[in-house]
Amino acid sequence: MGNHSRRKMKFILRSFNILGAPQDEKGRPLPPPCLQHSSTQHLHLGDWRLPTPCLCWETSTEDRHPSDEAITACMSPRDRRSCFGFRFGSDPMGLELGRVGSGGGSMFRSSAKTKSIKPQLSDGDIEESSPLKSQSKSSGSVLPYVGVASLGAILFGYHLGVVNGALEYLAKDLGIVENTVLQGWVVSTLLAGATVGSFTGGSLADHFGRTKTFLLDAIPLTIGAILCATARNVETMIIGRLFCGIGIGISSAVVPLYISEISPTEIRGTLGSINQLSICIGILAALLAGLPLSRYPLWWRTMFGIAVIPSVLLALGMAFSPESPRWLVQQRKIPQAEQAIIKLYGKNKVIELMEDLSVPGQGSEEQDAGWFDLFSSRYFKVVSVGATLFLLQQLAGINAVVYYSTSVFRSAGVTSDVAASALVGAANVFGTIIASSLMDKKGRKSLLITSFTGMAASMLLLSLSFTWKVLTPYSGPLAVIGTVLYVLSFSLGAGPVPALLLPEIFASRIRAKAVALSLGTHWIINFFIGLWFLSVVTKFGISKVYLGFGLICVLAVMYIAANVVETKGRSLEDIERELSPPI
């Protein structure tokens, strides 16, 4: 038996063992009863022989490898089901059975009238032929399920941005206008909850699966929005913000994880960037939702209440969405994994993907990792890269630039805070759309380097516009240009790429927890920047702070060039074999 056939047979063996087939004393699967009848006739075709009374596959004795004895899989032609990833079909005219190799396939037909089996391709053509496509082809598509998952990212952005316009009005309504500490708690409680949620999301995704975690996530998102919208005192508002924070923390971990795991390799970058685009859309929607506030001071309650709608839609959509096939294989749920693949990609992809997901040494075949496994010698480097990317993203100053954008735009004559914020949000959305179109063409690493380079240049321009006397007459317009260029540069790479890249570079068995750890780093740094930023600006001045951010952007370029690998066009399993090989 050739190496290719032997590898294919081992794949069948693994599936056979996982499904609990009877085994002999050496742990090898026993042949089905049909092979014990002497009347069984076989058609020999190279290494394989096909019995005519039932659809059985068995290795030929003439060229059998010692480890491949009695490897069989049997199915009555009256049945129509899947076995080991093979799809058997029957109709009034006959039977159709395919064997698919990597990049190739072979089809045999048995006519009901002639009861003969005619090979459509010779055995030598198997390697070069195109993949088998079943008569009952399914047109699976991932796009609707990516759209449903993106509702979690939209809520992420919406809850981040909704308080900016509403804070002044809810402070008056709740009687905390003079209490800036309580106002700060209303804002920062969301970040504290998000930190808890991001770490919790990884464990939930590993234990319950990705789709069930989305269903659980909808609970705090819905409860939090209702509490905020109906709050009559600041305590209720803070509790509501805490629930919302837990919800968006879980979303921040599970949305990029799910999208990355179900997206086809060739468009995974484009679909993965939808996560960041949805966050930007959520922030922009929150800014636009605040437009009626000047005329209707109690509108802030409606702004918080609106978030219930996408929360409910997220739960309803995920109730009908397929689970990640990678998680199902990891849990040894092979039939469910096949059904998920059919729903996502169509029947003709089942064998190819099941074989790839079942390669020995992959995380999909190993038990779930614990938190301490993330720091083992096998995974520490790749986990440190993921956490560092989010650390650099936050230390590069995006929140500071957005915070100061209203002051910058006022200096240029733009008096409306909402208009200034909307312009920044629109620039963020526009840049993310461009990034999504380039993600699978230019690659993740090149976009990261380009993004941080542009951010460094923009920070230099912002710093000079505040300090260089020669530029004083033009300081307002230059500051606006620098702000918009910075946000555009951020949205081209530093914004969307980390959340996309992390699920790609992490091995299957650590993916959920490693993404959660990296997002937890994001939220913790975000919290402390918000806590200390004003004090640092007061002590050193905004110009020097911007220069510091620019220096961090330069360091980020150097770090990315040395440590980040390109994942464009590569399957998650291929990346895992390179970055986290078995020890």
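Cβ coordinates are placed from backbone N, Cα and C, and glycine is handled just like the others.
As recorded in TrEMBL:
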| type | residues | note |
| --- | --- | --- |
| COMPBIAS | 129-140 | compositional bias 'Low complexity' |
| DOMAIN | 145-568 | domain 'Major facilitator superfamily (MFS) profile' |
| REGION | 104-140 | region 'Disordered' |
| TRANSMEM | 142-162 | transmembrane segment |
| TRANSMEM | 182-202 | transmembrane segment |
| TRANSMEM | 214-232 | transmembrane segment |
| TRANSMEM | 238-259 | transmembrane segment |
| TRANSMEM | 271-292 | transmembrane segment |
| TRANSMEM | 298-320 | transmembrane segment |
| TRANSMEM | 382-406 | transmembrane segment |
| TRANSMEM | 418-439 | transmembrane segment |
| TRANSMEM | 446-466 | transmembrane segment |
| TRANSMEM | 478-502 | transmembrane segment |
| TRANSMEM | 514-534 | transmembrane segment |
| TRANSMEM | 546-565 | transmembrane segment |
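Note on the transmembrane segment (418-439): residues 161, 164-165, 269-270, 272-274, 276-277, 280-281, 283-284, 287-288, 290-291, 402, 405-406, 408-410, 447, 483-484, 487-493, 495-497, 500, 568 of its chain, located 6 or more positions outside it, place their CB under 8 angstroms from a CB of the stretch.
Between the transmembrane segment (382-406) and the transmembrane segment (271-292) there are fewer than 3 Cβ pairs closer than 8 Å, counting only pairs 6 or more residues apart in sequence, which means the two stretches are not in contact. Here the listed stretches are 214-232, 238-259, 478-502, 546-565, and the one with the most C-beta pairs under 8 angstroms to the transmembrane segment (271-292) is 478-502.
Taking Cβ pairs closer than 8 Å, the transmembrane segment (298-320) reaches residues 145, 147-149, 151-152, 154-155, 158-159, 162, 165-166, 169-170, 173, 211, 214-215, 217-218, 221-222, 225-226, 228-230, 240, 244, 247, 286, 289-290, 292 in its own chain, all 6 or more past its ends.
Panel annotation: around the transmembrane segment (238-259), residues 146, 149-150, 152-153, 155-156, 159-160, 163, 185-186, 189-202, 204-205, 210-211, 213-214, 216-221, 223-229, 231, 271-272, 274-275, 278, 304, 307, 311, 324, 499-500, 502-503, 511-512, 515-516, 519, 522-523 of the same chain, lying at least six beyond its termini, place a Cβ under 8 Å from a Cβ of the stretch.
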